[in-house]
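Step one of this worksheet: look at the structure below.
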Amino acid sequence: MKTRELKAFLKKKGIFVDDCFDTDSLIQRAAATEEDWGSSSERSKADSVSKSADVSNAAKDRPPEANEIQKAWDRLCEAWPGESPRVLGPHDADKTVIMLHGFGDENAQFLSDTFQPLLNTQGLRLILPQAPKETLQGQQLQSWFLPMNGQWIIDDQVVQPVAAYLHAMVRREIALGVPAHRIIIGGFAQGAGCAVRAALSFPDAPLGGAIALSGFFGAPEVVSSLAAMPWGYLLSEIQTCHLEWTSGMEFCSTLHKLIHDSGIAPSNRRLPVLICHGKTDEVVPFDEGARMATLLGKKDSQMPVVFKEYDMKHGIASDEMMSILEFVDQRMSEVPAEPLAFDPANLAPDPEPQTPSTQTQLEEEAGVPTMDPQLTLQLLNDQEIADAATDPEGMAVIQDVIMDPSNLELHKQNPRVSKLVAKLEQILTKGGAGAA
């Protein structure tokens with residue numbers, strides 16, 4: 001019986017299961033209430049109503065944004081082709097580790113058994129997402145993505161569905177009261193590359209870190225440029241959202257999110273990454289782990305990447321687990337200097353009021369677009385600009401100018417974009433923004 005079917009069955013029996021997210025927790029709930037079935041059905045229903053009311057009251061106590069995130073997560077769980085994630089640890093956790101299993105690890109049992117020592121960390125919740133089952137090698141096996149032409153090829157496009165699922169999971173954890181800097185995403189083997197890419201591309205706030213165990217990163221191209229996004233899609237999204245914007249800053253924040261919605265997000269350019277690999281790994285070659293460390297180290301010199309090697313085959317050694325525990329403990333104990341960027345649970349205290357000059361300086365340091373929203377819309381609606389955006393170099397220039405109009409000066413000496421620069425300067429001059 002699948003998780004959803006078991007959940008529906010227990011609900012019909014009057015058992016409260018809304019706080020159960022995997023098969024194990026459902027079975028435990030059923031065992032705990034089995035003796036009450038039949039003889040105390042009315043009492044069970046009353047308890048269910050009471051607990052449902054408690055959950056309802058708890059939902060009322062949460063900020064509106066947190067409730068909306070929970071609703072979005074519930075909808076996504078219904079659509080996700082895999083089983084519900086296994087959730088181990090306390091309900092009132094203030095730390096979360098999300099670990100993606102390897103290929104064919106049924107019910108993430110290997111990770112569940114191996115990561116038991118992690119649950120000794122006070123207030124830590126371990127979430128083990130479940131990959132969809134695919135027909136491979138003549139049998140139904142759990143896999144985060146499918147091979148192409150007989151090869152396991154992974155890139156940002158392949159990982160996109162998994163990354164979107166994990167991003168929703170992270171947002172829900174934050175809405176439940178876990179700060180983003182205390183959330184780590186990791187994975188083993190096939191799940192390692194998916195986990196690292198998902199963590200790097202999380203746009204809302206800096207995460208605590210990423211862990212890759214005996215894994216491979218795949219294609220080296222990590223798309224972090226606006227050039228990867230179709231111009232028409234970007235324009236339609238901006239025009240659609242503009243009807244709901246209430247301020248220029250909201251416009252800038254939305255544009256910033258659209259620009260950096262894939263690849264390495266600005267908020268996670270300094271993401272700490274732990275990479276572990278066995279020297280004699282017979283499934284995923286050791287060179288793949290070393291290559292991942294090299295690639296991530298080159299992507300951004302500010303990204304702290306730690307690569308550790310072990311005398312073992314494909315698996316997780318005891319000394320490797322000690323390194324993981326040390327990494328998790330270190331990351332969970334650090335407190336960010338910046339206020340929480342994404343805080344639907346209202347965990348951070350209200351910031352000190354900023355003067356206009358200080359606010360502008362903070363926005364520039366945070367990489368928020370400084371161009372006037374109306375001027376940005378005018379720019380995006382111009383056909384010549386749209387044509388220039390089909391060229392990656394042209395798109396890079398447009399992105400720089402949207403982020404800060406004064407950046408136009410940096411491109412005036414480049415003959416390949418001279419026409420685009422002239423057009424941008426014309427629009428900025430008419431709009432009163434200026435390029436200097």
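Note that Cβ sites are derived from N, Cα and C of the backbone, with glycine treated the same way.
As given in TrEMBL:
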- 32-67: region 'Disordered' (REGION)
- 92-224: domain 'Phospholipase/carboxylesterase/thioesterase' (DOMAIN)
- 266-329: domain 'Phospholipase/carboxylesterase/thioesterase' (DOMAIN)
- 341-367: region 'Disordered' (REGION)
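Model confidence over the domain 'Phospholipase/carboxylesterase/thioesterase' (92-224) is summarised by a mean pLDDT of 87. For the domain 'Phospholipase/carboxylesterase/thioesterase' (266-329), the number of residues in each DSSP class (helix H, G, I; strand E, B; coil) is 29 helix, 12 strand, 23 coil. Residues in the domain 'Phospholipase/carboxylesterase/thioesterase' (92-224) partition by DSSP class (helix H, G, I; strand E, B; coil) as 48 helix, 32 strand, 53 coil.
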